[in-house]
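Encoded as structure tokens, the structure appears first; notes follow it.
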Amino acid sequence: MSYAQTKTQTKSGYKAGVQDYRLTYYTPDYTPKDTDILAAFRVTPQPGVPFEEAAAAVAAESSTGTWTTVWTDLLTDLDRYKGRCYDIEPVPGEDNQFIAYIAYPLDLFEEGSITNVLTSIVGNVFGFKALRALRLEDIRFPVAYIKTFQGPPHGIQVERDKLNKYGRPLLGCTIKPKLGLSAKNYGRAVYECLRGGLDFTKDDENINSAPFQRWRDRFLFVSDAISKAQAETGEIKGHYLNVTAPTCEEMLKRAEYAKELNQPIIMHDYLTAGFTANTTLARWCRDNGVLLHIHRAMHAVIDRQKNHGIHFRVLAKALRLSGGDHIHTGTVVGKLEGERGITMGFVDLLRENYVEQDKSRGIYFTQDWASLPGVMAVASGGIHVWHMPALVEIFGDDSVLQFGGGTLGHPWGNAPGATANRVALEACVQARNEGRNLAREGNDVIREAAKWSPELAVACELWKEIKFEFEAMDTV
């Protein structure tokens, strides 16, 4: 081996030392099976470590391998259970990086457990000393494994049927300020936004239960606000009540209370709470007919660095299996990170039933979801009325467009802010349906609508120069 390795000779003549992983776990002649879980890792080895050895080490440490020979290897069939690096390809423009393709036998994983999959595939291997950095770029779940999951509690079509809303994106808003409002004032803000034309309002991800606003009080005032807004508008409304809690028992207690109040949707922070809690809640939502909105708080800690961590497309696939009806995906045009091709790659992986391999969009494997329900993409973060044409053109109908500051920042108040967004949305949808090109004519569509909507005209004037123009870090 070409990197530092020590071996010791015992009195019995047995040689112990660091494994040469290439001999066992690098198998370029292997053809992956339809039942294998496949993973694509971006590997940056330490200087002097051959690519094949580094790739084999990843396969070993994320499956059956350990650092030395152990006699209990003889008690099982390692050739049946080991992970295998079956291909290596260079990363364009990077001399010391490569993509390692690894196949894992399905029998290594517990059925219906994303927790177990991630514990195995992205567990200890990320701290391996032979690697300078490691990133899981993509994963392929076989149909045989997908069939062991419930997936989203309801899915896109069932949600539209519940809400009786078709043919357009849904509109939402995160209530601001995110922290500090009393439950009564919070409910007032919810009512004004829903009355003005939004479909949903939302708890911020870090609102759980605090001294200034206990969860039960918030649920009550929000429920009253929704009932009043529905009576005035004749539309079904909802608010993402965040049931994330310190324990699973408390989480389910809050979910049950939301159900008692006849609320159509609740919310969960799936990464900070964990996949076990999320899968538990998703199953409860299916059993109780409640929609589940998912926030991805903490995702950038895991996926922001290009060379190390887990790409969000993997976290998105994991969420579709664990369960959620909505998930935040970035906006492409707003304040949060997200390049268009990459973002739409994982949006397709959330919504579509079958997605072909397309490495230009970061999709390393063809993914067949075996008719598992889709997840609605949520675009949220630094967006306003001038972004509406681009959002409709990029995300299409099966999405939720959430304007927090872009609603509550309206000079005339929350309800006019909501009205401005609803007018802008319906103008863009109508223009698209008439065959107009929103990418080219979007600003004209907004200006035309503003002529007969004073709420939209004021919003257009306020945010006409607000842009977030930074180079995306998430590129292929």
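Glycine is treated like the rest: Cβ placed from N, Cα and C.
What you are looking at is a predicted structure, and each value in this text was computed from that prediction instead of being measured.
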Suppose a student reads Swiss-Prot and sees N124, T174, K178, R296, S380 listed for substrate. Which of H239, H328 should they find annotated at that same site?
H328
Nearest of the recorded positions (K176, K202, D204, E205, H295) to H328 (substrate binding site) - Cα to Cα:
H295
Closest of the recorded positions to K178 (substrate binding site), Cα to Cα, picking from K202, D204, E205, H295?
D204
In sequence order, which residues at least six apart in the same chain have a CB under 8 Å from the CB of H295 (active site, proton acceptor)?
E205, N242, M267, H268, D269, Y270, I327, H328
For R296 (substrate binding site), write down the residues of its own chain that are at least 6 apart in sequence and whose Cβ falls under 8 Å from its Cβ; none is a fine answer.
Y270, L271, F312, L315, L319, I327, H328
If you measure C-alpha to C-alpha, which of N124, D204, S380 (binding-site residues) come within 10 angstroms of K176 (active site, proton acceptor)?
D204
Suppose the Mg(2+) site is K202, D204, E205. Which further residues of the same chain have a Cβ inside 8 angstroms of that site's Cβ centroid?
T174, I175, K178, D203, N206, I207, Y240, N242, M267, H295
